[in-house]
Every structure is written in structure tokens, then in C-alpha cells.
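Chemist: Here it is, the structure, as C-alpha cells.
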Amino acid sequence: MDPLGPAKPQWSWRCCLTTLLFQLLVAVCFFSYLRVSRDDPTVYPNGSHFPDSTGTPAHSIPLILLWTWPFNKPIALPRCSEMVPGTADCNITADRKVYPQADAVIVHHREVMYNPSAQLPRSPRRQGQRWIWFSMESPSNCRHLEALDGYFNLTMSYRSDSDIFTPYGWLQPWSGQPVHPPLNLSAKTELVAWAVSNWGPNSARVRYYQSLQAHLKVDVYGRSHKPLPQGTMMETLSRYKFYLAFENSLHPDYITEKLWRNALEAWAVPVVLGPSRSNYERFLPPDAFIHVDDFQSPKDLARYLQELDKDHARYLSYFRWRETLRPRFFSWALAFCKACWKLQEESRYQTRSIAAWFT
């Protein structure tokens, strides 16, 4: 017998077995890869899960990139399904590496307004990516708006005609009985306060204050005035019956935290200088505030406040609305979640002229 005879079929059997094992190994690796690709997307440093960088997202959850943190101050990012009822969650991140895949980019104007061409995203945006212009400042404090024309698809601001309306505050009906304690009038030991950071000696609000204080004592807090240590504002302002909620510029819907937080949270009656009374009444009951336009002069306003100081029943009438309504306040997290809701609610793609609209 040829000693090599039986060797040939033995070698062939081993070869077939090796080939089958190799093919089985390749198949296992392939299906394992598919499973990992499906179940374990790329994890970015903030812990959010996003698709690969092909430029065409395969995700169903909207991915929102915050191009900058507002005023460069990071916040805890929310679960939008918990903040805005009826809204599905979005992936919200400030990690610019996800820019090619982002469904939307929120640009806070303050951080880009001094040099928009250098500070806006430079890489080409992917098809369908929506840019959201975001500002809570008035047009008087927003520079270089014309440089933004042609870039943005949605607006987000305090203006009620924004695509995404983010007011500084609003009133919400109580779901049951009011849970706050009644106003402790005996704790209101002072009359009028004003906290101001940007003085602006030639501004309308400072000129009005100077005329008012000739007839009425007003305690002014802030830079170059009475100190107001951090964390003591509400405790301090709650001692006052009235608060001057004077805006730094006069524009439609520009009703800021000066009214919503400084006055209403301190349970002080707001004395407002800003847009028209009718504009305020779109957001507040007419007896929830005092408007300077209701008086022919600061002297007349001073006389009225002094009358209310002595007439407890009339003063307390400015709090009747609290029996059915409660103030709610703006937050950055809520604004981002409103953008999340809008992106899922409406897919329309448009280009806005920011400069023509925001005046």
C-alpha cells in the first residue's frame, strides 16, 4: 500500500473542517458586529447616545446642539418629557463634535454678537439641520443682527411672535386651593425698592426715578447704591410694599425678571415702566400692577403709592389675582425643552431675517 494513499483523504477532511470552522467564526463576528452597532451607539463624553458621523442621522430622538452655554454658564440638562407634558425627550448636548449629526443648533446671541462670522459654526451644515436663534435681551442690547440674516430657521425669545416663545414669566391657574400663606402685611415695613445693575444716568428709567424720588423715598440697591449680598434679594425685597420694575429699554413684550421675580416672588406690587399697559395686560390681570403711564407725572404716582400705603384694603386688592393664579418663572432648561417640543411638532424649514423681525 502506498504509504501516501490514506494521507490524501485525511488531509482533505481536515481542510474541510478548517474551512467550515473559519466560516462559522466569520459569521459569528459579523452578527456580533450587527448587534453591537444596533444596541450600542457611540457614547459621547456627556453620556448621551448619538449616531455615527456619516452626516445622515439614523436616530429617531432629535439631537440638539447648544453652540454655546448662555453667558458661558453650564446648567444641568433636563429630561424634556418631565418638564414639558406631552413632549418626547431630546438628546441635548453642548459637545460640538456632534455638529455634523445635529438636527438643530441653538445659538445664544450674546456669545456670538460681537463677531458673528467668526463665532458661528463654520463647517457646512447637513441638509435639514435647523438653526435656532435665541435671545432674552431686547433689540437695544443685541448687536450685529444683520450679520445673521440667511442663517437661522427658527427664533426663540421673550417675544410672543417668536417661533418658540420663552417668556420671563407667566401666570398659571392653581390646580386646587392656593397653597401659599396669606400676605403678612405686618412684615411689609418699607415702602418702595429698586434693584438696578446698569445705572445709565441718561436712561428713561433713571430719569423717571430721579423725578419720583423728589416726592417719595425709594431705596435703591445695586452697584454704587445700597449693597445687596448674593442670596439675600428676596429676603430684602419682601420687606417692601412696592417694587420699581423699570425695564432698561422699551420694546413689545419685553417684561423681564424685574417684574416676574424681583416683584412678584417678593410679594411686592410691581410699579412698571416698559411697554404699554395693554401689552402688560396680555400677560397679567389689570389689577396686578401699577403702570407709570396711568399718572400724569411722577408726583402723582408718588401720591398714589402713599395713599395705598395707608389704605390696607386698596393695597391688598393688588393681590386678589393670587387666589386663582400663581406666577411661574423662566429657566434655561425649560427654554431648551420648548425647542425640543417645537422640533418634533413642526418640520417646516424656513429662513428668517432676524434683523428685519427683531426691532
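Including glycine, each Cβ sits where the backbone N, Cα and C put it.
Annotated topological domain 'Cytoplasmic' per Swiss-Prot: 1-14, in sequence order. Positions annotated as transmembrane segment by Swiss-Prot: 15-34. Under the heading topological domain 'Lumenal', Swiss-Prot lists 35-359. What Swiss-Prot records for ASN46, ASN91, ASN153, ASN184 is N-linked glycosylation site, and it gives sequence analysis as the kind of evidence. Here Swiss-Prot flags 73-112 as region 'determines site-specific fucosylation', drawing on similarity to another entry.
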Chemist: DSSP-wise, what's the residue breakdown of the region 'determines site-specific fucosylation' (73-112) into helix, strand and coil?
Modeler: 14 helix, 8 strand, 18 coil
Chemist: If you measure ASN184 (N-linked glycosylation site) to ASN91 (N-linked glycosylation site) at Cα, how many Å is it?
Modeler: 45
Chemist: Given the glycosylation sites ASN91, ASN153, ASN184, which one has the fewest other C-beta atoms within 10 angstroms of its C-beta?
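Modeler: Result for the glycosylation sites ASN91, ASN153, ASN184: minimum number of other Cβ atoms within 10 Å at ASN184.
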Chemist: What Cα-Cα separation, expressed in whole Å, is found between ASN153 (N-linked glycosylation site) and ASN91 (N-linked glycosylation site)?
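Modeler: Cα of ASN153 (N-linked glycosylation site) to Cα of ASN91 (N-linked glycosylation site) measures 20 Å after rounding.
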